[in-house]
Amino acid sequence: MSRGLRAAAKRHSLPPAVFMLSSAHTRTQLMSTVVDTPRTYPSHQPPPAPSQGADQGRQEDAERILREAVAAKGPRHDWTRKQIASIYYQPLMELTYQSAKVHRRFHDPAEVQLCTLMNIKTGGCTEDCSYCAQSTRYQKGTGIEAKRVETVESVLAAARTAREKGSTRFCMGAAWRDMRGRKNALKNIKAMVEGVRALGMESCVTLGMIDGEQARELKEAGLTAYNHNVDTSREFYPSVISTRSYDERLRTLAHVRDAGINVCSGGILGLGESSEDRIGLLHTVSTLPSHPESFPVNALVPIKGTPLGDRPPIDFTSMLRTIATARILMPSTIIRIAAGRKTMSEEKQALCFMAGANAIFTGEKMLTTECNGWDEDNALLGRWGLRPMRSFDKSPKPETPGPAN
Ligand code: SF4
């Protein structure tokens, strides 16, 4: 073994023999799990390659799965975790190239949707999501106190500003566990939704768990989309939240879907999850009865005073891999770069757009965290030859059979 290979094995904490036996592709997998995935829970990582022959067979298999996925004529809902892993662990440049091809077949690659997210009710939430500044459990450390719900007038004034600045989707978030016993609040929120729609904007709300009747009421008010993130894989989820289950989240998504409202559901990267958990997240959303209309990809913004306040930032390549894989698995979905974009360089954002992301949150704030502003974002889009997407203008381009490779 050369000195270079020995040093590389040491750098990635791999036994030299394993490192030497592994192909370049397997090394990519192993490095990805070692470098970007601190583990604090039972392992479910892919096993190391047993032999070079078996590894080569597996690599050919992975390449075939990617080829078939890229050539698919429309959305598929029968993905297995193994197939998703085969795509996710492809060499990153190849993965990004293939996802860019899919993106161009299903979307206008020059268009990026501008959305603004307003907190219409801050703090005081009874849930214990470990990343959230708005939970009462971490209030002592975060200093964020519960506030009353914003008035309909103030919300619509913010929506008008967002529209003037170029946003076409206005999202309203309330820090609640659910909507039980909030009849009055629901009435006001419906008025907000109607007002946003009257401005010609798409409207989205995120209010915690809702039942079928509440979903139907929101649909009648003209709601375009309901956001409820699954956050991470089913396995890792209990390490992040204990006060409501993964299945409860999926039930809310079913109520939203059944009411005819677009589902917006995504994840947060950098919670301490592994690559396998990111694959699990992608598996959950890509095997729903219909793909989410919108898949937000958040990078954790660690907030002092929350249990995850000291987490290191997510490795950018994991973010890019997740976006590229999501684009291939869910070709028609709008993929949003959500929280954490503030710390991403312009070049990193451009790579995400290239890989298939086609929406961003822009404005003064994103819930309780800093957000890139409209002027900054419009200038960025201009420099890269991109332009804002119009409202309700994301119907997929006419389908043509994809190339074989
Ligand atoms: S439910 Fe929402 S507002 Fe409440 S703690 Fe969790 S993320 Fe925060």
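For all residues, glycine too, the Cβ spot is worked out from N, Cα and C.
Because TrEMBL annotations are produced automatically, they should be read as predictions rather than curated entries.
Taken from TrEMBL, the feature region 'Disordered' applies to 37-61.
Under the heading domain 'Radical SAM core', TrEMBL lists 110-341.
Taking the Cβ of C125 ([4Fe-4S] cluster binding site) as reference, residues of its chain lying under 8 Å away and at least six apart in sequence are, in sequence order, C132, Q134, S135, T136, A175, W176, R177, G208. Per TrEMBL, [4Fe-4S] cluster binding site is recorded for C125, C129, C132.
Neighbour list (C264 ([2Fe-2S] cluster binding site), Cβ cut-off 8 Å, at least 6 residues apart, same chain): C204, T206, A225, Y226, N227, H228, P292, E293, S294, F295, P296. The [2Fe-2S] cluster binding site annotation in TrEMBL covers C171, C204, C264, R336.
The Cβ centroid of C171, C204, C264, R336 marks the [2Fe-2S] cluster site; residues of that chain outside this set whose Cβ lies within 8 Å of it are C115, L117, R169, T206, A225, N227, S294, P296, A359, given in sequence order. The Cβ centroid of C125, C129, C132 marks the [4Fe-4S] cluster site; residues of that chain outside this set whose Cβ lies within 8 Å of it are E127, D128, Y131, A133, Q134, S135, A175, given in sequence order. R336 ([2Fe-2S] cluster binding site) carries a strand DSSP state (E or B). Sequence-distant contacts of R336 ([2Fe-2S] cluster binding site), defined as residues of its own chain at least six apart whose C-beta falls under 8 angstroms from its C-beta, comprise Q113, C115, G266, S294, F295, P296, V297, A357, A359, I360, F361.
In this structure, C125 are the binding-site residues from C125, C171, C204, C264 whose C-beta falls under 6 Å of some atom of ligand 1.
In sequence order, C115, T116, L117, M118, S203, C204, V205, T206, N227, F361 are the residues of the chain that are 6 or more apart from C171 ([2Fe-2S] cluster binding site) and have a CB within less than 8 Å of its CB.
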